[in-house]
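Beneath this line is the structure, given in structure tokens, with notes to follow.
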Amino acid sequence: MTNIRKKHPLLKIINDSFIDLPAPSNISSWWNFGSLLGICLVIQILTGLFLAMHYTSDTSTAFSSVTHICRDVNYGWLIRYMHANGASMFFICLFLHVGRGMYYGSYTFMETWNIGVILVFAVMATAXMGXVLPWGQMSFWGATVITNLLSAIPYIGTTLVEWIWGGFSVDKATLTRFFAFHFILPFIITALVVVHLLFLHETGSNNPSGLNSDADKIPFHPYYTIKDILGIILLLMVLMILVLFFPDILGDPDNYTPANPLNTPAHIKPEWYFLFAYAILRSIPNKLGGVVALILSILILAILPLLHTSKQRGLTFRPITQTLFWILVANLFILTWIGGQPVEHPFILIGQLASISYFTIIIILMPAAGMIENNLLKFTH
């Protein structure tokens with residue numbers, strides 16, 4: 001008799017996705033971040049659900065409802081800080097996952113990659129709205145600055161911003177709708193994740209060599225289930241160290257001051273995971289130009305397949321492009337640092353140079369290096 005997991009309509013899908021799935025025998029720990037992102041999403045949805053049970057999305061009570069969660073709700077402080085720091089862990093895993101895809105040429109799975117780019121935008125939108133909900137100073141002014149960027153759109157900009165605000169400034173209507181969107185988006189993300197995996201399972205996983213691995217597959221369970229569990233344990237350890245010992249290290253102290261439209265904080269800046277994009281936005285003196293650069297800084301991921309010039313898939317055997325890749329990583333760290341600095345000399349210049357470098361490396365240098373490597377290896381025909 002065949003096992004029920006291979007026959008049952010629902011269990012069969014789970015079986016073919018997580019148990020009997022043929023996986024390459026040589027995928028490294030860089031392939032762990034997909035499952036870690038799944039765990040992050042589950043943690044965020046569960047902690048978020050429990051927070052939503054006690055949170056009120058009205059400007060007069062939002063700040064005090066978060067205080068109430070931390071002080072009066074059983075383990076409310078734990079749920080709140082797991083949710084806040086869980087977002088940071090989510091983005092760390094997201095950046096590493098995307099970086100892995102860039103390094104090993106996973107973007108050649110076009111459908112999977114494009115859904116992934118949409119997921120990056122969806123997760124960023126969710127996080128941006130989540131940071132508004134506690135209704136502290138940085139919540140209010142962050143929401144004001146970010147929504148105001150849309151006013152740079154010619155002709156319809158101002159109308160669009162006021163439509164999103166639900167009035168002439170960030171106020172009650174804005175907070176309520178941001179809570180609604182922040183609640184619904186993770187479920188849309190979950191649906192997109194299913195589509196992401198659906199497309200991935202059409203082709204099978206990439207692997208560090210970049211070669212076809214059909215000749216050497218192993219079952220996902222037990223080999224990669226146990227490997228994923230190790231990754232999950234490490235992720236939870238890091239998350240709990242953050243939550244229990246340094247819960248506010250990644251937050252902004254200004255957000256412990258209730259929102260006040262009459263008092264602007266000295267330095268308005270987003271959460272750390274948006275700082276690189278914020279630095280690119282600020283590096284262009286023109287408002288519309290900055291917004292375009294901001295969007296392109298993420299959207300550029302979508303054109304990576306078009307910029308691939310090498311005859312090889314990944315960077316495993318390509319030292320020149322490898323060097324450029326790690327310079328790009330260092331450049332992103334510089335942008336992140338600049339995004340958190342005030343707009344003054346020398347930070348303005350450093351930010352502009354780092355922004356130019358970011359686009360130059362991806363659009364010009366890496367494709368050129370790919371062609372050079374083809375010639376060096378005589379892969380010319």
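A Cβ is built for glycine as well, from the same backbone N, Cα and C atoms used for every other residue.
Under the heading heme b b562 binding site, Swiss-Prot lists HIS83, HIS182. What Swiss-Prot records for HIS97, HIS196 is heme b b566 binding site, and it gives similarity to another entry as the kind of evidence. According to Swiss-Prot, the feature ubiquinone binding site maps to HIS201. According to Swiss-Prot, the feature transmembrane segment maps to 33-53, 77-98, 113-133, 178-198, 226-246, 288-308, 320-340, 347-367, an assignment based on similarity to another entry.
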- Query: Cα of HIS196 (heme b b566 binding site) to Cα of HIS182 (heme b b562 binding site): how many Å, rounded?
  - Reply: 21
- Query: Cβ under 8 Å to the transmembrane segment (178-198), counting only same-chain residues 6 or more beyond its ends: which ones?
  - Reply: 17, 38, 41, 44-45, 48, 52, 55, 57, 112, 115-116, 118-119, 122-123, 125-126, 129-130, 132-133, 143
- Contact between the transmembrane segment (33-53) and the transmembrane segment (113-133) (3 or more Cβ pairs under 8 Å, separation 6+): no
- Message: Let me spell it out: take the transmembrane segment (288-308), skip the flanking residues so only those 6+ beyond its ends count, and list any with a Cβ under 8 Å from a Cβ in it.
- Response: 98, 102, 105, 107-108, 110, 113-114, 116-117, 120-121, 124, 149-150, 152-154, 276-278, 280-282, 355, 358-359, 362-363, 366-367, 370
- Alpha-carbon distance [HIS83 (heme b b562 binding site); HIS97 (heme b b566 binding site)] in Å: 20
- Message: Ranking 77-98, 113-133, 347-367 by the number of C-beta pairs under 8 Å to the transmembrane segment (226-246), which range is first?
- Response: 77-98
- Task: Between the residue listed as 'ubiquinone binding site' and HIS182 (heme b b562 binding site), find the distance joining the two CA atoms and give it rounded to the nearest Å.
- Result: 29
- Any same-chain residues 6+ apart from HIS83 (heme b b562 binding site) with CB under 8 Å of its CB? Would you list them in sequence order, or say none? GLN44, THR47, GLY48, LEU51
- Given the binding-site residues HIS97, HIS182, HIS196, HIS201, the candidate whose Cβ has the fewest other Cβ atoms within 10 Å is HIS201
- Task: Go through the chain and flag residues at least 6 beyond the ends of the transmembrane segment (113-133) whose CB is under 8 A from any CB in it; none is fine as an answer.
- Result: 55, 57, 62, 66, 87, 90-91, 94, 98, 101, 106-107, 139-140, 142-143, 146, 174-175, 178-179, 181-182, 185-186, 188-189, 192-193, 195-196, 199, 270-271, 273-274, 298-299, 301-302, 304-305
